[in-house]
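According to TrEMBL, the protein carries these features:
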BINDING   R11, H12, G13, Q14, T15, D16, W17, N18, R61  substrate binding site
Amino acid sequence: MLHHKEFYYIRHGQTDWNAKGLMQGFTDIPLNETGRKQAYEAAEAIKGTKIRTICASPLGRALETAEILNQVLNCEIVILDDLKEAGFGVQEGLVDDGWFTAWKDGEFTPEGAETRQEFIQRATNAVNTAIDYPGPVLIAAHGGLYGAIKHYFDLPDYEPLPNCALCHHTPPNAKNPLWLRRFVNKD
């Protein structure tokens, strides 16, 4: 269960491995020029928000995205190890040949990878830790991590989060019993 607190979430900008369709996981692949451009565009979109803390994955692609956004926000960046992407073990650096769906369904775990359930638990705990910082909080992390928590928002599993998509999440309240998600910088 996610704590009922407002927060923002951004997936890191594009990397060369994203562009090639390769699974990254714990492998620390940096942003490419497109990814940096995406992050600067997201920084423009986030101007005027009241974000007080950025919580970021320690992986370079997410941390650099957070640092670019912080040029506008000028707030504390907290690095949380558990905001890392799922560890995909021997599948990192390879194209998904169908194993990823089996992993998400809990039917297959690559050698050296964490199970889907382990990842969902880690992701939920990490997001709860992040949103307990002075907020609203911006979480700068990964597409897989967002996928692990989006069932709380009643979102379809097949809908991936694009690179540098910036989402604002509002918790359930008396007027609305569901989490609300609004894209800040995407149509």
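In case you wondered, yes, glycine gets a Cβ from its N, Cα and C as well.
Model, not experiment: these values are computed from the prediction.
Feature annotations (TrEMBL) mapped to structure.
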{"residue": "R11", "record": "substrate binding site", "Cβ contacts under 8 Å, 6 or more apart": "A141, H142, G143, Y146, L161, P162, N163, C164, A165"}
{"residue": "G13", "record": "substrate binding site", "Cβ contacts under 8 Å, 6 or more apart": "L31, N32, T34, G35, R36, K37, Q38, A39, A42, R61, E64, T65, I68, N163, C164"}
{"residue": "T15", "record": "substrate binding site", "Cβ contacts under 8 Å, 6 or more apart": "Q24, I29, P30, L31, N32, G35, R61"}
{"residue": "W17", "record": "substrate binding site", "Cβ contacts under 8 Å, 6 or more apart": "M23, Q24, T27, I29, G93"}
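Shown in sequence order, A19, Q24, I29, L31, N32, G35, N163 are the same-chain residues outside R11, H12, G13, Q14, T15, D16, W17, N18, R61 whose Cβ sits within 8 Å of the Cβ centre of the substrate site.
Over all protein chains present, the Cβ of R61 (substrate binding site) has 28 other Cβ atoms lying within 10 Å.
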